[in-house]
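*Asks:* I am attaching a structure below and will ask some questions about it afterwards.
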Amino acid sequence: MTETSQIVPAGPPPPGVQSNFVNPESCGTTYLVVNCIFLPIAVTALVLRTWTRLVVVQSFAIDDLLMIIATVLSVALTALTCTMLRFGLAVHIWDVPMDDFSPWFNLLNVISAIVYCAATGFAKVAVLAFYLRIFPSRSFHMWVYFMIFIAAGYEIASIFVNVFSCWPIHKAWDLTVQTGHCVNRPIFYFANAGLGIFTDFGTVAISIPELRKLQLPTKQKIAIGCLLATGCFVGIVSCLRLVSLNELMQSTDLTWTTMNGLLWCCIELNIGITGGCITALRPFARRYIPCLLSLSFKSYDSNSDGHPTDTESGPISLDTLSKEKRVRHKSVISSLKVPYPSVSDAGESTEDMLQSSNHNQIDTHTHGHGIMRTVEYRVNS
């Protein structure tokens, strides 16, 4: 058995400090706890979103697939970084044996960076693809495609930079290779984080004008705004990651300071996935937990004209009324000659959440080919 005195540390200890390979100081517990909190939340959100799209809505789109891929990569990232704890992550570099640091710590660090770039790319493009599905404006679509180009472009470039950060490639993790050259990896991480912050805030910013155009009650606009603002929170987390990367650039204790950067990477990625999935859960809540959904009105009282009074600003969408409430509030629907079709869960879609509603709604019933019957519903205000 090799004695600890014969083990070569990955880095020299500070003056007056001796390497400890038996029971070194570690902050790995913090990393494990944070991942055990945020990753299950993201996975749960994805499961609910997938159930909603496949079972409740019975519709599956490209943004759903992209979000699934992002979540799978997030699980892989957590597995990789937790494995790095075995090879020196969250431990001072002078307490890490060189045989663990090179090649294993460095190799897993490179792979983790590649997986992180791919995961964030899929998550951001999934949110932007969701925008394309719910906002019909062509001019807005041009902005979305621009953001997709930026987000996907720099993430793909980041993957290539991580793969070819050194030449020969294995020089990135094998310190015994004396020939070749490498890029300054911390500076690259810093630039990557800056572009990530731009796309995080940009994704939210481009949706604000479209949100303002929606003919929805104020309460619903606020709720939708809070969901979209999750992207702002992701941007704030990215800023915190930028601070940790700045510390990494100035530190020689690589195995210790890398932990903070990876910690914020996992938090940022899982929050982004969670926020992107929550926006698709309204049909799920409508079917299983309707008490969480408030109607687009608080109460209706008959005024002197015999018409209902909306105590909350904004138009009323008949799609939000159950059959019972349509009967209860007969004055809402004028001259209804045919039964209003039931709103089945299968007919609900994520777009219900953000589609604009007008005071005069036209419901078109089709059967076979062509329009067979058109009935106008008017909401009196």
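Every residue gets a Cβ built from N, Cα and C, even glycine.
The transmembrane segment annotation in TrEMBL covers 31-52, 64-87, 107-132, 144-167, 187-210, 222-245, 261-281. Look at TrEMBL and you will find 48-286 tagged as domain 'Rhodopsin'.
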*Asks:* Between the stretches 31-52, 187-210, 261-281, which wins on the count of C-beta pairs under 8 angstroms to the transmembrane segment (222-245)?
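*Replies:* Answer, by Cβ pair count: 261-281.
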*Asks:* Express the predicted model's confidence over the domain 'Rhodopsin' (48-286) as a mean pLDDT, rounded to an integer.
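*Replies:* Here the mean pLDDT over the domain 'Rhodopsin' (48-286) amounts to 90.
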